[in-house]
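Asker: Copied straight from TrEMBL:
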{"type": "BINDING", "residues": "B:THR100, B:SER101, B:PHE128, B:PRO129, B:THR130, B:ASP131, B:THR170, B:ASP199, B:HIS202, B:TYR224, B:TRP253, B:THR279", "note": "pyridoxal 5'-phosphate binding site"}
{"type": "MOD_RES", "residues": "B:LYS225", "note": "N6-(pyridoxal phosphate)lysine"}
2 protein chains.
Amino acid sequence: MTDTMFANDVAARDAADPLAHFRERFHLRDGLIYLDGNSLGALPKATGERLARVVADEWGEGLITSWLGASWSTAPRRIGDKIARLLGANPGEIVASDSTSVNIFKALTAALSLRHERSVILSEATNFPTDVYMMQGIEAFSGGRVKAMTVAPDAVVDALSEDVAVLLLTQVHYKSGRVRDMAAITRRAHEVGALVVWDLSHSAGAIPVDLNGANADFAIGCGYKYLNGGPGAPAYLFAAARHHAATPVLSGWFGHARPFAFEEDYDPAAGIERFQCGTPPVLGLAALEVGVDLLLEADMAELRRKSLALGDLFIERMAPLCDAYGFTLASVAEHAARGSQVAYAHPQGYQIVQALKEFDVIADFRAPDILRFGLTPLYLGYGDVVEAVARLERVCATRAWDKPQYHERAAVT
Amino acid sequence: MTDTMFANDVAARDAADPLAHFRERFHLRDGLIYLDGNSLGALPKATGERLARVVADEWGEGLITSWLGASWSTAPRRIGDKIARLLGANPGEIVASDSTSVNIFKALTAALSLRHERSVILSEATNFPTDVYMMQGIEAFSGGRVKAMTVAPDAVVDALSEDVAVLLLTQVHYKSGRVRDMAAITRRAHEVGALVVWDLSHSAGAIPVDLNGANADFAIGCGYKYLNGGPGAPAYLFAAARHHAATPVLSGWFGHARPFAFEEDYDPAAGIERFQCGTPPVLGLAALEVGVDLLLEADMAELRRKSLALGDLFIERMAPLCDAYGFTLASVAEHAARGSQVAYAHPQGYQIVQALKEFDVIADFRAPDILRFGLTPLYLGYGDVVEAVARLERVCATRAWDKPQYHERAAVT
């Protein structure tokens, strides 16, 4: 295929893309190619107006009466029900609140309360750090009762034993984008009597998820990646209806059966509400809801198709750069095991990601040597992918990354 | 004094009020008298614009680069340092993040880590429910190692013993507004080797607080009351510098010494940052900062003087209503023991609070029979207090509260 034929082909794919119209629903500067929506999703244009209304009308005018009058108090459940539609869960099985880390704690301790005769929380060593850190905090506090155990990624299934109370796994790996088989691993865990907490931070809004189809126990995930909920958005927690008698340790008043009766003893709500803790973060929830609503307009199967096609195209265009400049694909190429991102290893990964910014491409870097390219089908086209790789090639061809200011690593996210 | 003389006197006090100019910095509807700023503070006029900027510029334009470029990542510490100026703490002793309930958990478990040979968390039975619920959650999870104990309010000091690891007390009681002597109680707790966690939810921005002057150990508090941080605003946590080796159980990645090194093991930050957990809630923090900045413009001694004067006036005007309609003062009249609210008991308290809304007065109700009137000196004048009691008298005189729709209690906040 000639360059012209290829360019025409790419343009035709963008023109025929049934998701292309979502691009105009987001605020994205002209010229910028944003490949970091898996770290912080882009801003939906509707968010600013929604927040302005919450602030001016609901808070400013309604004041305290908005807890009922503007349905602030039921927002965690309402938004949870919407997220449930993305994740194959039922209404009343998901609640939005707190950070991902705090929800990991709730889900793990709830699972432990259902398996109190067992001691091990199992995970993989290369899981997203906060997942493992939260396990380590529980171990430290347990006074020897709970053991946080991590094994190599490929050893997880074999490490499932009757000592394991709960397995904590991320469905789509934050670095490589590798996808775990949720149904198979859950089945295997259940065979030895263990429960599973799935971290869906890189799944929700990126790949189809079927929590109840997989007979999942608990899940948690992040609101600020593919859900486009904004920086530090509230996270969410899924608990299968059969586990609603579990005891989350974080027994705050919003998890109480009657929070406004101001009773002296904790009596957890019967349903998913018991997985709330403190007063809901209304502003963050409002922004999250806009992102979730927007995603619900898209067909998830269509979104997955495009995500994989974008990934295939990215990998295809990167092949010459791998040969010429020493990139190594760090993602699985196979569709079933690939999330909505593509990762490459390169010794100068950090510097290259910095230099790419000068060419108006935002990707991200994960230590020690991974360049991560997030592919968000709602606001990224085929032409964007081609152009991003072209700019990356210019960075490499001109050694634009080899500048003193890129040699010192800042605390990047 | 004749009515006219009295009215002139009230008008003169408002005219001479050095804090009166703050009223125009808040959005408050004409005619409304808002006596619920101790539940949800009013909206600072600057908040909408600040949030719009964070959304459009920092998120929309800056995207992921705003974690450094717009200082999102250091907001919890920066805002904590500002709150520290209100509370007699040093820079680096307060961090803003998570909900009050979650911060109670962190502070209690951190204190327990410093007193691991002791078993009791002590509080008063009538403490704000979430404080006690969080204690009960810790007890349930501890497997018998920790005991949550509550005693009658007046029995707290006598219950301090060498079994007590940590005492959790609210400085200003949420119902009565009674003020505890922080320095004396802290001293007494230290004499038996116990630590104290102070809940400052009804103190911060309402009364002068001197944490280090009282030799306080830990404190937590709410961002959405007198700090005017907005509905469900992030809360804050104080840990005295000498306790920064304590181990909070919620060991999320933002509490790590090097969060972006993505290390496998949790290594807590040396300073107050270790009391963070998940990714900071950027939108909520932005709104909180506006409220804190506004409060920092006011002189706290002046604010306290006015708060007490408003309370004195309120109590004075209520005296005839107590005789005529059966209200009973449920706050301590004495200045040293009274926060920035006045509470009354009345058997029809719930209905009266509902009816007052029709007269454009918002107060709140706390079960079983308490009417709570919050007095917020930044946006309330002497004339407002007089007018609020006059409207309350009309509610009583016309029995406006005796309507069928007020007889069923909704879930009020």
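The count begins at 1 with the first shown residue.
Just so you know, glycine gets a Cβ as well, placed from its N, Cα and C.
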Asker: Fewest other Cβ atoms within 10 Å: which of the binding-site residues B:PHE128, B:TRP253 wins that one? Let me know.
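Answerer: Counting other Cβ atoms within 10 Å of each of the binding-site residues B:PHE128, B:TRP253 gives the minimum at B:PHE128.
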Asker: If you measure Cβ to Cβ, which of the recorded positions B:THR100, B:THR130, B:THR170, B:HIS202, B:LYS225, B:TRP253 are under 8 Å from chain A?
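Answerer: Listed recorded positions passing the 8 Å Cβ cut to A: B:THR100, B:THR130, B:TRP253.
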Asker: Determine the C-alpha span of the pyridoxal 5'-phosphate site listed in the record, that is the greatest distance between any two of B:THR100, B:SER101, B:PHE128, B:PRO129, B:THR130, B:ASP131, B:THR170, B:ASP199, B:HIS202, B:TYR224, B:TRP253, B:THR279, in Å to the nearest whole number.
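Answerer: Between the most distant Cα atoms of the pyridoxal 5'-phosphate site, 30 Å.
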Asker: To the nearest whole angstrom, state the Cα distance for the pair B:HIS202 (pyridoxal 5'-phosphate binding site) and B:LYS225 (N6-(pyridoxal phosphate)lysine).
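Answerer: B:HIS202 (pyridoxal 5'-phosphate binding site) to B:LYS225 (N6-(pyridoxal phosphate)lysine), Cα-Cα distance: 7 Å.
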Asker: What whole-number Å value do you get for the CA-CA distance of B:PHE128 (pyridoxal 5'-phosphate binding site) and B:LYS225 (N6-(pyridoxal phosphate)lysine)?
Answerer: 14
Asker: Expressed to the nearest Å, what is the distance separating B:THR130 (pyridoxal 5'-phosphate binding site) and the residue listed as 'N6-(pyridoxal phosphate)lysine' at their Cα atoms?
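Answerer: Spelling it out, the Cα of B:THR130 (pyridoxal 5'-phosphate binding site) and the Cα of the residue listed as 'N6-(pyridoxal phosphate)lysine' are 16 Å apart.
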Asker: Could you state the whole-number distance in Å separating the C-alpha atoms of B:THR170 (pyridoxal 5'-phosphate binding site) and B:LYS225 (N6-(pyridoxal phosphate)lysine)?
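Answerer: With distance taken Cα to Cα, B:LYS225 (N6-(pyridoxal phosphate)lysine) is 14 Å from B:THR170 (pyridoxal 5'-phosphate binding site).
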Asker: Cα-Cα, whole number of Å: B:TRP253 (pyridoxal 5'-phosphate binding site) versus B:LYS225 (N6-(pyridoxal phosphate)lysine)?
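Answerer: On Cα coordinates alone, these residues lie 29 Å apart.
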Asker: Between the Cα atoms of B:THR100 (pyridoxal 5'-phosphate binding site) and B:LYS225 (N6-(pyridoxal phosphate)lysine), find the distance and write it as a whole number of Å.
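Answerer: For B:THR100 (pyridoxal 5'-phosphate binding site) versus B:LYS225 (N6-(pyridoxal phosphate)lysine), the Cα atoms are 12 Å apart.
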Asker: Are there any residues at least 6 positions away along the chain from B:LYS225 (N6-(pyridoxal phosphate)lysine) with a Cβ closer than 8 Å to its Cβ? List them or say none.
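Answerer: Spatial neighbours, sequence-distant, of B:LYS225 (N6-(pyridoxal phosphate)lysine): B:GLY37, B:ASN38, B:SER39, B:LEU40, B:GLY41, B:SER201, B:HIS202, B:ALA204, B:GLY205, B:ALA206.
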Asker: Of B:THR100, B:THR170, the binding-site residues given in the record, which has the fewest other CB atoms within 10 A of its CB?
Answerer: B:THR170
